[in-house]
């Protein structure tokens, strides 16, 4: 890996998604069902292409001295060329991670095919880690000397809650999960929004009561995708560690919803999705969102 190449951000807390990103369509069943959250990797690639263009456009939009609109367009086109994206694939050795049918190995040399893999990775990173993980990474790919700083988060309107604020993430993960470009719009400096104490097994009923009856309908509508989006907007990294017990034909899943590696909701169910949805809803209620 080149000395100036920034570390590849990891898709946090979802091994299945990571494997899906690097599985070529030649190994997929034609009748395979769509993933309930993101559909399939073709959808992720479309999203990733848009996010990649946005990140590059933002980088040059914030560049000082300011570039003209025409110059921004030129820089976007230059840095989105197939050759540039293929170079990134090679520098990160991502082609070696791709699972592909032996009869389709020649596609690894197809720059457009490999571009789609890269865009799929960007799309997956975006839905799991948020734009605050994508932007500094792409900016450093374009300009290794790009400056980054801790993100600033605007505290929402005053609330009756007075919980202690969440501590900063460990140094091992801070560079990729909390950094953002120094040239992003600068809201007033303020601490992260207050959040409740970590989840405990006996606290769920009080959490739901705190949400209030007026929020019960919203609580039932909360999905994992909505939870991920909200957490990203508020500057938090959300992960879902999962485990299961019982026989393989009848497992009981337990999934924890963690914000910045601290647990705030836990769900159980006969499928991982059911448990994950419950954990997301409990965290939503605990946060007062």
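Just so you know, the numbers here start at 1 and follow the chain as drawn.
Every residue, even glycine, has its Cβ placed from backbone N, Cα and C.
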Choose the correct range: of 158-212, 213-267, which one does TrEMBL annotate as region 'Disordered'? Give that range.
158-212
Using DSSP, tally how many residues of the domain 'DRBM' (236-289) sit in helix, strand and coil.
16 helix, 22 strand, 16 coil
List the helix, strand and coil residue totals of the domain 'RNase III' (11-130) as derived from DSSP.
83 helix, 4 strand, 33 coil
